[in-house]
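In what follows, a single structure is set out as C-alpha cells and then discussed.
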Amino acid sequence: SLEELVIRPLHSGDIYTSFQFRTLWETDFTRENKVSHYRLFPKSLGQVISKFSVRELHISFTQGYWRTMQWGQPYLPSPPGAELWVWFQDSLTDVDGTWKELTNVLSGIFCASLNFIDSTNTVQPSASFKPLGIGNVTDHQIVCTENLTPWKKLLPCGSKAGLAVLLKSEKLFHSSFHSQAVHIRPVCKDDQCKTTSWELRQTLNVVFDLHNSGQGKNEWSLFKMFSRTLTEACPVASSSKIYIDITDNSQGEQFELSPATPLLSQAVVLGDRRTFSVYDLTQQITFGTICNVLKLPVTYSAHAGDMLRPLLHAERYVAGYGLQTGEIHTLMYNNHPYRSFPVLLLDSVPWYLRLYIHTLTVTSKGKDNKPSYIHYQPSKDRVRPHLLEMLVQLPPNSVTEVTLQFERALLKWTEYTPDPNHGFYVGSSVISSLVPSIVAMDTNNSRERPLFSSFFPSKEESSYFVRVYTEPLLVNLPTPDFSMPYNVICLTCTVVAVGYGSLYNLLTRSFQIEEPSPGLAKRIANIIRKMRGVPPL
Amino acid sequence: MAAPLTLLLLVAVTVRAALFRSSLSELISERVEVVSPLTAWKRVIEGLALLDLGVSPYSGDVFHETPLTIYLFHFLVDYAEVTFMLADVITAVALYMAVKDYNKQVFRKQKFALEADRYPLDCLELIRSPKEMYYIPLKVAMFYLLNPFTILSCVAKSTCGLNNAIIALFILSTIKGNVLLSAIFLSLATYQSIYPLTLCAPALLYLMQRQYIPVNFRRASFWWFIVQYAFMYLGSLFVIICLSFFLLGSWDYLPSVYGFILSVPDLTPNIGLFWYFFAEMFEHFRLFFLCVFQINVFFYTIPLSIKLKEHPVFLIFMQLAVISIFKSYPTVGDISLYMAFLPVWSHLHRFLRNIFLVSCVLLACSALFPVLWHLWIYAGSANSNFYYAITLLFNVAQILLVSDYFYAFLRREHHLTYGLYLKRKDGSEATLVLK
C-alpha cells in the first residue's frame, strides 16, 4: 500500500494538507468464488463490494466549503455534507433495493446517518458522472469524530504507524475545511488491462486556518498542526512520503524548511507544473531530524496576486423575496484568456422547490447562450427530485449566468425538520469539465506517480478534468402552524357541518305555522286532563 | 335586446384587454386565490415546454391539465388572451340565451297554473310579470362578465374560464332541450374536472320534464330515458378519453389529472377548505378524511334532486354552488359562475334573511385575502392561521348565501301553495318555522 501527505501553503496564508492512502487488492469477482483472502484491504468494504455488485464507489464527508478563489483547486473536489456515488455492475437487476441496502450498510460502517438517503434525494444522471451510476448528495451532515474513527479503522496500519499517526480528531476538526473520502474502483494492472485489481483510496483534505491555530507565530511544524509527531513508518506500506509544495518558494524567499531535504520531485497537478520537496519515511534517517518546521514570514499574504487563478470557478445563490417564489442563479466563471470550453452542469433540486424549466435562461456576457444538450427529469412529489443536466459552452474570460425560477411548496406538517424556520438545504450543483491546460499533462498511466496527481486519469495532454462544486443553498419554505392540528380539524369540520346542517334542515323539514306553546300551568293541566280522558284546554 | 348585450360584451372585452396590457396581469396570474395548481397558466406553459424538451408533461408533478387542453393550446398559445376573452363571451352569451328560454318557460307554467286556479288568492303579489323578467337575462350576462372575480380569472388566464364556458354551453343545451348536445357537453365538463358529474341529475330531471316523461321509478319511460342519456354521456366520455390516450400515447394523464384532483397531494394555499386541513392532518386519518371530503361534494345530489324535482334549474344552481365551495381546488372563477345566476332569483328578495350579513362578509373577505397573504408570505409578521381563518369565513359566507336562497325559494313555493298571509288558529298573524 502507498501513503502520502501533501502540504501546500496557500496564498491566503492557510495550509492545505492532503492525506492519501492507497491499498490494492488483487482479486477477481467475476469468477464468482467466495473471496476471503483480504490481506490489507478492509474486510468490511470487500464484503460490501462483493455482496452488492458494486463496480465503483465514492463516498465523501465534508465539513466546510472549499473556497476556490482563495485556495485554488483542490486535489479531490467534494461538496459540503455527505455524498455517495455508486456504479453497479451491469449484472445487477434490482437497483433500487440494492441501493437502499447499500446505504444502510455504509451508514453502519461509517457511523453516518446515510440511511436518510432514499429516493427523494437520489438521482441517476445521464452524462455528468461517467460511467452511469446512481448518486446522491445529502447535505449538512456535521462530520465529527464518529466519522473519523471508522475511517481510520479502514487503513492498513490503523492509526498506529505511518502517516495515520498524525490523524488526531481535535486538531483536524478545528479547521476551515475538512473532508474525508473513500474511493473504491477497479484499476488496470498493465497497459492492456487484461486483469484488474481493486483500488481503495482514502483521502483526507484539511485546510488549517493561520489565525485560528497559528497562535500568532509564523512557524508551522507537524507537531503544531496535528499535535502528534511521526514515530515510525507503516511496516506494510511500500511507500510512505511527505511532499511539501515549494513551487512558490524557488529562491527560498517565502519560507524555509527545516530540516532541509535534498530530494526534489516535479509533477503536473491540475494543469500546473509544481515542485515538491520530498521526505521519504521509509528511510530511517529522516526520523531523527523530522521536526519539520516551516518558517513563514509575516508578509506572506501580500504576494497573493501571483497565484494561478483557477480556470473554472462557480457560485450559486437564491434570489427573490417572500416565501412563494424564488430564483436559483448559478454563475460560472471561465478565467482562461482566450480558450472557451464546454462544461456539464448537474443540478439536483428537491421536489418541494418546484422548478419551471420554461424560465431557464443562460446568458454569457449579456447575450443568450443556448445550451447544446439539456436533460431534464421533472420531480414527482415525495418520490424523486428534479434532475437537470446541461452542456454549456463557456466563452473565454467571461461569466455565464444560469437562472431558473421555482415555487416553494407547502408541506404536510410532519414533513418539516424539527427546526423548520432554519430552512431546507439544496445540494451543491456539480460542474464537470475538461479544462485546457497550459502544461502538458502526463497521459502515461502505468508509470509510478504521486497519488495526488493521478486520481482523474488524463486521456489527452492538453486538458485535465476538473469538477467544481457550488455552495449548498438554504431555502425557507412557508410553514403551517405546528401547534394546530386538532384545532384545524375541528374548525374545518365545523364549516362543513354548517353546510351540512343548513341543507339538512331545509331538505328534511317543511314549513309549519308556529303555534305558541301554552304556559307551564296550562301544560300540566292538559296532561292531567289527558289522563282523565277529558279534552284539553 | 341584442344591442344592450353587444354593448355589454364590448365593455367587458375592453376592460379585460386593458388589464391584459397593464402591469397588473403578471401580479394577478400569481395570486393563489385566482389560480390553482389545476388551472394556472404558468403550468400550461411549463407543460408545453416539457413537451418541447421531449419529456412527457405528466412525468413530473407540475402539470395537471387534460391532454385536450395541451392539444388546444399547442395551437393557440400565441392567442391565449383572445381565447380566454372569447371563453368569457361564450359563457355570457350562453347564459343569456339559457335564462331567456327559461324565463319563457317559467312564465308559461305560471300562466297555466293561474288559469287552473292553483294559486291562493292572497299570493297574487308573488306572481311574476314579464315586465320584471325582461331584463333578467341581461343582468345575468352582466353579473358574469363584470364580476371582479371573473375579470381576475380571465386576466390571469386561468383555465377555469374554459371550464365555465363548457358548463354554460351544457346549461344552454339542456334548457333548449337538446339531449345529445347536453350529454356531450356534460361529458366534456366531467372530463375537465370530475365534479360536474353531479349535474347529471338536474339535466335528466329537466329534459324529462320538457319531454313530459313522468319522474316515477315505476314507469318504463323514465328508465328508458335514463338509459338513453347515460349511453350518450358514457359514449362521448369514452371517445374523449380514448382521444386523449392517442394524443400522447400513454395513460399517464389519468393519475396526473384525476388522481391529483381526488387525492389532493399538492397543498398550495387557495380559498378552499382542503389545503390547511390536509397540511395539518394526522397521517393515520388522512385517507379517511380525504374520502369524507370528496364524498361530501357528491353527497347532496340525491337529496336535493328529490326535494327540487319540480325545479331543475334551481337544482343546477345549488349543485354548482356546492361544487364551487367543496371542491378540492376552488378558485374565484368557480364562484363567479354560480353567482351569475343570482339575478334569476331576484324575486326571492323579500324572503332572504341574511343577505346583508353575507354580502358584507364576502366583500370583507375578498379584501382581506391579499392582505393576509402578504403578511404571511412576504412580511412574515402573520402566519398561516390568519389566511386560513379568512378562508373559513369566506366559505361560511358562501354556504350561508346558498342556504339562504334555498330557504327563500322553498318558502315562496310554500306560500304559493298555502297563501301568503297565514293566520294562526286564533286569527293573529302567523310565523312560519321549519319543523
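Quick reminder: no glycine exception, Cβ is built from N, Cα and C everywhere.
As recorded in TrEMBL, the features of this protein are as follows:
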- B:1-17: signal peptide (SIGNAL)
- B:82-99: transmembrane segment (TRANSMEM)
- B:143-172: transmembrane segment (TRANSMEM)
- B:229-251: transmembrane segment (TRANSMEM)
- B:257-278: transmembrane segment (TRANSMEM)
- B:285-306: transmembrane segment (TRANSMEM)
- B:351-373: transmembrane segment (TRANSMEM)
- B:385-407: transmembrane segment (TRANSMEM)
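Nonlocal intrachain contacts for the transmembrane segment (B:82-99), taken as residues 6+ away from its ends with a CB within less than 8 angstroms of a stretch CB, comprise 5, 8-9, 12-13, 16-17, 76, 136-138, 140-141, 144-145, 150, 154, 157, 161-162, 164-165, 168-169, 171-172, 174-176, 337, 340-341, 344.
For the transmembrane segment (B:229-251), the residues of the chain that approach it from at least six positions outside its boundaries are 56, 58, 66-68, 70-71, 179-180, 183-184, 186-188, 190-191, 200, 203-204, 207, judged by C-beta separation under 8 angstroms. Touching of the transmembrane segment (B:257-278) and the transmembrane segment (B:285-306) is concluded from the presence of at least three CB pairs under 8 A, sequence neighbours closer than 6 excluded. Same-chain neighbours of the transmembrane segment (B:351-373): 31-33, 148, 269, 271, 382, 386-387, 390, 393-394, 396-398, 400-401, 404-405, 407-408, 411-412, counting only residues six or more beyond its ends whose CB sits under 8 Å from a CB of the stretch.
Residues 269, 271-273, 276, 317-318, 321-322, 324-325, 335, 342, 345, 348, 351-355, 357-358, 361-362, 365-366, 368-369, 372-373, 375-376 of the same chain, all 6+ positions outside the transmembrane segment (B:385-407), place their C-beta atoms under 8 angstroms from a C-beta of that stretch.
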